[in-house]
Amino acid sequence: MRPPVRASLGLLVAWAIGACVCAAAIETTWKHASAGDEVRLFALPAARPGAPPAKVVWELDPMAACGSLRPSWVSLRPPGQVLDTVVDAECVSEPVLLAAWYERRDGGSEVPAPFWGPDGAPPQRGNVTNGTLVLREARVGDSGMHVLSVFHPPNATAARHVVFLKVAPRRPEPAGGTPPPRDDEEGGTEEPATPAPPPHPHPIAEVAHVRGVTVSLRTQTAILFAPGDTVHTDVSVMPIAHDDDPYVMEVVWVRFDVPEECGEMRIYEPCLYHPQLPECRSPADAPCAASVWTERLAVRRYGPCSRGVPPPRCPSDAAMESRAGLGWYGHTVNLQLRDASEASGGLYVCVVYVNGHVHAWGHVVISTASRYRNAVVERSPPRYRPPPVEPTPSAQPTGPRPAAPRAARLVGVLGAAVGLAVAGLSVWACVTCRRARAWRAVKRRDLMAPTYIRLADDELYGDLSSYGDSDDSEYDSDSDRLPGTDPAPKRGSGFQILSGAKADPWSAGARQHGHLITFRADDTSRYRDPSSPDPPHRR
């Protein structure tokens, strides 16, 4: 195919996909066929009298990887429901443009004569018979979603007709028998030789949103400017409430710098929903990764809103970081950069929160042409970069650190030992001081003071006895007194008080009397206390 033809075909494919999204009317049917059958797909609409030629597009979306498809009830605008099919976008192959043409009349006939394909060549197995688009010699590869879009100028509203076609391999017919009859259904569609399931089996339960809020966000992905220009974003946010519960919607703008050393910026979508992940906080490809932001550039808040009063009709407020040239573009959720410079450029991400949860997001790169970097969306989390280890292995202690409870017990034991030692020293000091005072008191005793040396010979308290009338006793004689002693008092305690000099038996005065009885020197140790060398003092 020539390059201009390829370009035209690419435009037609994009135009056909857009038609599938923006169609005004949708009609969906299901057909089953066997390989080699002729399948009547669409009945071409009649031309409008006096209307410009309509544009017709026939495309095929292969769905061989989607498994078995069946009808289901889908809630597009609750509580209304339509019978349709829910298909995972990941299993749908690239659309194939089968034909596209403008209607034209032959001899004033109201039946359109199609002008096949961009190069005027009709498809090999497609044909229009009596106003019906027919697929001849169906194959297993023709299974999928066939879409016929008819655009009527001048407003280019499209009517879409969708047929889910399932082509099964033909089974060999039994020998010697007649094949089962084929019933024409839906305009003569031929059924396979074997009985096929009904075109409308029992629909499954609802699979679309029936509660909550669905948010649709559309934006361009790049804005180029020259220094000094005034530019603004073009983001469209459309919330659809599926119930009457109130909700709060926040449109948050964040900005990431685009370093010159980065070949491209990577946006990790899981980090928008789970910013607390360790790999999001420390990505391996930082600073070329847009994973977690620390501050919000601008926020516009709507709420409380409801299905009857959606944004922007519900109450709203806005907040924005103070930056030169940054402002809101009117009363919308878009940003405006006045007198933009290279410092104003960067990766801008718009995130829509509903009741604190992420519901939609988009991004746009605002930059000059010389510093433009592409942004790539990654569906998986980034690789984790461990934080650097600050201390070196040699600086770490070799042995294990003692546990805190063991250290506390050791401190307690040492404290108790010190306390016992202090108490013992205190007791020892007190005893030593007491003994020293007692010894000093004995050393200071005056030997000349009166001292008791012996008991009296008379009966103690003799004046109170029955013999108290007698003046003298047989024991009161001068011969019984020690030399140098005074006679004992007649009516006293019975003790003899001696002077210091006289009381000493070994003194010179006592030795003058020959009848003094003394103890031998070798016997004195038996009668004296060795621990008390001095005589007892006066009581």
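Cβ coordinates are placed from backbone N, Cα and C, and glycine is handled just like the others.
Given the ranges 16-19, 224-227, 364-367, 452-455, the record in Swiss-Prot names 452-455 as motif 'Internalization motif'. The cysteine that Swiss-Prot pairs with C262 in a disulfide, picked from C271, C280, C288, is C288. The two recorded residues, C314 (disulfide bond) and C271 (disulfide bond), show a Cα separation of 30 Å. Taking CA atoms as the reference points, C271 (disulfide bond) and C262 (disulfide bond) are 20 Å apart.
Using Cα positions, the member of the disulfide-bonded residues C262, C288, C305 nearest to C280 (disulfide bond) is identified as C288. The Cβ of C305 (disulfide bond) lies under 8 Å from the Cβ of P239, A241, P246, Y247, V248, M249, P311, R313, C314, each of these being in the same chain and 6 or more residues away along the sequence.
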